[in-house]
Each structure stands twice: as structure tokens, then as C-alpha cells.
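Colleague: Annotations for this protein, taken from TrEMBL, read as follows:
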type: DOMAIN; residues: 68-261; note: domain 'Neurotransmitter-gated ion-channel ligand-binding'
type: TRANSMEM; residues: 262-285; note: transmembrane segment
type: DOMAIN; residues: 268-482; note: domain 'Neurotransmitter-gated ion-channel transmembrane'
type: TRANSMEM; residues: 297-314; note: transmembrane segment
type: TRANSMEM; residues: 326-349; note: transmembrane segment
type: TRANSMEM; residues: 470-491; note: transmembrane segment
Amino acid sequence: MRLIGGKERQNGKSRTQADFVTSIRNTEHEEYQHHLRFTLNVSKLSCKEGHSGPTHESMQAVFDLKPFRPAVNLSNPTIANISFTLYAVLGVNEKTQILTTFLWLRQFWQHEFLVWDPDECDGVTRISLPVEKLWSPDIIVYEFVDDDVSQACPYVYVNHTGHIRWDRMLRLVSSCNLEIFSFPFDMQNCSFTFGSYMHTIRDVRLSPALTFQEMSRNSKRYLEASGEWELVDLLGETSILQFGVDEWDIITFWVVIKRRPVLYVVNLLIPSSFLMLIDILSFYLPPHSVDRASFKMTLILGYTVFLLIMNDLLPSTANGTPLIGIYFSVCLALMVISLLETVIITNVLHHNSMKYKEVPNWVRVVVLKHIANLICYRWTEDVQPPTTPQKDEPEISNVDSGLWIIQPASQTPAQDPTSSRGAAALPELQQICQYLGDLHAHLTSMHKENELLDQWCHVGYVLDFLLFRIYLLLISCYALVIISMWCVWINQS
């Protein structure tokens with residue numbers, strides 16, 4: 001009995017579902033029959049004598065048919081035309097790959113039920129109606145990625161032939177694959193794809209209302225010229241989007257925009273170039289008397305603060321880094337290399353010279369001879385090796401000029417023992433000779449130290465000139481490559 005009851009309940013449930021489907025089909029059939037009766041019986045809107053335009057009763061009958069596509073023969077697709085004017089580029093977000101624009105959008109389509117005779121309607125050829133009362137094609141932009149917060153335009157113009165024109169403003173937030181490597185001399189090519197979301201080509205056919213050249217000229221004429229971006233070109237093509245067994249008409253527009261680089265050149269490139277120029281000129285500071293290292297460290301600190309302040313102006317994405325970011329990083333690295341060069345030269349000038357070591361012969365040959373000739377570095381006089389001081393004490397001798405030189409007591413001629421005055425002056429002369437010998441030794445030591453300092457100073461200056469020329473060559477090659485790349489991008493744009 002339970003099995004029989006279960007089967008009866010299942011059979012009853014199946015009959016209920018079948019009845020529900022049948023009722024839906026009957027309802028759709030009745031609505032379609034009503035639609036056919038209206039399209040067959042009402043070919044034109046009626047007008048009354050003394051009444052300007054179609055009567056409200058006849059238009060209300062059209063409003064009641066809003067759920068239906070306005071075609072007498074549903075097998076014929078509704079032709080829709082679109083065109084737009086790019087009025088402004090509101091923003092480009094490189095991090096999120098978002099382009100925000102403002103468009104003046106215009107749509108046309110044929111409403112076969114809104115047809116009247118102007119002669120019967122007091123010569124009225126065009127009226128405005130609320131768009132919410134009429135059927136409209138569901139034209140969307142496939143790249144739209146945000147809520148539509150555009151200002152609504154609730155009315156459309158309807159011609160006596162049934163042609164509808166709907167003008168509205170569209171704040172378009174669309175996704176775009178932004179290429180920022182050539183920033184700030186970059187060009188972006190973003191696509192706007194217009195098409196119906198649901199109606200296939202059997203229901204709605206889409207085509208441009210104006211030629212793409214006309215839309216491009218209108219956009220260039222109305223686009224705000226004071227912004228960061230300028231319109232280069234507006235291209236487009238019509239195509240068919242196929243997904244499974246269905247096909248949709250789409251129109252793809254390519255908006256090519258170019259950035260105006262003046263702001264970034266003034267705020268980024270020129271200050272950075274000035275700091276690099278100061279770093280180059282700092283090589284002309286004498287390394288033996290001026291603390292060049294402190295100056296360069298201050299310069300690096302200032303450049304770092306400059307990069308931190310200007311970081312918000314630089315775009316960045318997960319896909320890559322702009323060339324200008326690499327340019328700033330390399331400039332900072334070159335400044336650090338310049339500081340290391342200064343440290344090396346300071347060590348040569350002070351550390352080795354304070355130890356009073358003689359310049360090795362191989363350093364003298366390699367640095368003071370070959371490298372100096374290579375970099376065309378010349379001194380007023382050649383560097384001579386330090387002279388070896390005499391170990392003996394100075395002697396007192398008579399020269400042609402009439403001056404007397406003191407000689408050691410062991411080498412002086414024997415005094416006359418009979419001379420009491422000479423014997424009394426001998427200790428004083430010996431003491432003076434000792435003082436003069438100490439002074440001569442001190443002066444000889446100072447002369448040797450000065451010669452060593454002068455030799456190491458020569459070595460330091462030659463190395464400084466060599467490293468400066470290498471540094472200048474690196475900066476020149478690097479700047480030439482960067483400027484050439486930017487010039488190519490500017491010419492291409």
C-alpha cells in the first residue's frame with residue numbers, strides 16, 4: 001500500500017509540473033497573439049483633429065508593449081546604430097589598469113510601432129518620450145568594470161517614421177592593458193567594445209551611426225585640451241562575437257591617447273639632471289684639502305629625499321617598472337660609485353702618505369707614467385724619487401760667496417795651543433755645531449716627508465682623473481641611451 005501511495009504522489013507531482021509548463025506556454029502564446037493582433041490592426045498611431053501629435057491612448061497602447069521588441073515581423077532583427085564623442089579623459093590608474101573617460105553617447109534604433117502621419121497630426125514630425133516607457137536595446141560596454149554612476153537622460157526623441165534617438169552621457173570606467181615602460185612619453189591604446197548583452201544577431205544588428213573618422217574628428221575637437229592626456233586617434237571595426245552556437249554583433253573602438261610629458265619633465269627629469277651635474281662637478285674639488293666625501297654623502301641624501309617625495313608621480317604595476325624608475329635607480333647607483341671613488345682617493349692621499357712609505361716602483365711606472373700619459377695628465381715638473389740624506393754631520397767650509405759653513409770638530413784643523421782665545425771659544429762652537437746638526441736632520445726629515453706627500457699626491461691625482469673620466473664616460477653613454485630611447489618614442493607618437 002505504501003508503494004502504491006508513493007507512486008500516486010509521484011504521478012500527481014509530474015502532472016502538476018506538466019500543467020505548470022503548459023500554462024506558461026499558453027501564456028506566452030496568448031501574449032504573442034496579442035502582439036500580432038496589435039501589429040496587424042495598428043500600423044500607425046492615431047491623431048485627432050485639433051490635437052498636436054499622436055493621441056495619448058494610441059501611445060499608451062505602445063507603452064504597454066514595452067516588453068516586446070518593436071518589430072512587426074519578429075524574424076527581422078532590429079537595427080541599432082551607435083556613435084560617441086570622447087569628451088574627457090578623467091584619469092588613468094596604472095596600478096589597477098583602469099581608464100576613466102567621459103563620453104557623449106548617441107544611440108539610434110527603429111521602433112516600428114511608433115509611426116504616424118504628420119499631415120494628420122498637425123505637422124508634428126518629432127516628439128520626446130520617456131525612455132523607461134519604451135523598449136531599448138541592451139547595449140553595453142564589455143570592458144565596463146564599475147557601477148554606472150552616469151547622469152541619467154530620461155527622454156528620447158522619436159521621429160514620425162519610428163526612428164528613435166537617445167543621447168546620454170556615460171562615465172566609462174573600463175579595464176585597459178596599460179604599457180608604462182616608456183613613461184612619461186607613453187601612448188596607450190584602450191578598447192571599448194559595444195554590443196548587446198543578450199540579443200543575438202537574429203534579434204539586434206549593430207552598426208556605427210557615423211564613420212570612425214568623423215567620430216575621431218569630433219572627439220579631437222571637443223576633448224579638453226588642458227588635461228594630462230591628448231587624443232591621437234580613434235579607430236574601430238565591426239565584427240561578430242561567436243560563443244557556442246550564438247553570435248552577437250559588436251563594435252570595437254580603439255582609443256589611442258598620448259600623455260603630455262611636460263609636468264614630469266619639469267618635476268622629475270630636470271631636478272635629477274641638476275643633481276647629477278652637481279655630482280659630476282664635485283670631482284673638481286681638490287681631494288687633499290676639501291672633504292669631498294661629506295659633500296657627496298649630502299648629495300646622495302638629498303637625491304634619496306627627492307625620490308621619496310616624487311614617488312607618487314611614478315606609475316607602478318605588477319607587470320613591470322617604467323624606464324624612468326630604472327633611470328633614477330641607476331643615477332643613485334652612479335652617485336654611490338662616485339662616493340666609493342672618493343673614498344679610494346682619500347685613502348691613497350692620506351693613509352699611505354701618513355705612513356711615510358715611498359711610492360713603489362711599479363706604481364710609479366704604471367700610474368705616473370703610463371696612466372698619466374693615457375689620460376693626458378701632465379705636471380709642471382717630473383716627480384723625482386726621494387734623495388738619500390748624508391749620514392755625516394755638516395762641515396764648516398768656506399765657499400766662494402764668503403759664507404762660512406760649520407764642520408764637525410773631528411774634521412776641523414788643529415787649533416793653535418798657544419791661542420788661549422781659540423781654546424776658550426771651542427766649547428761654544430761645538431754646542432752651536434750640535435744645534436745646527438739637529439736642525440739639519442729635522443729639515444732633512446721634513447724634506448723627505450714632503451717629497452713622499454708630493455709623490456702620493458701625484459698618484460692620487462692621476463687616479464682621481466682616471467676614475468673621473470671613467471665615471472664621465474659611463475654617465476655619457478647611459479644618458480645617450482636613455483635620451484635616444486625617449487626621442488624614438490616621441491617621434492613615434
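Yeah, the Cβs are placed from backbone N, Cα and C, and that goes for glycine too.
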Colleague: Same-chain Cβ contacts of the transmembrane segment (326-349) under 8 Å, 6 or more residues past its ends?
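Modeller: For the transmembrane segment (326-349), the list is 272, 275-276, 279, 282-283, 287-288, 292-293, 296-297, 299-300, 303-304, 307, 456-457, 459-460, 463-464, 467-468, 471, 474-475, 478, 482.
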Colleague: Within the domain 'Neurotransmitter-gated ion-channel ligand-binding' (68-261) only, compute the mean pLDDT.
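Modeller: Summing pLDDT over the domain 'Neurotransmitter-gated ion-channel ligand-binding' (68-261) and dividing by its length gives 91.
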Colleague: Using a Cβ cut-off under 8 Å, which residues of the same chain at least 6 positions beyond either end of the transmembrane segment (262-285) come close to it?
Modeller: 183-184, 228, 292, 295-296, 299, 302-303, 306, 310, 313-314, 324, 327-328, 331, 334-335, 338, 464, 468, 471-472, 475
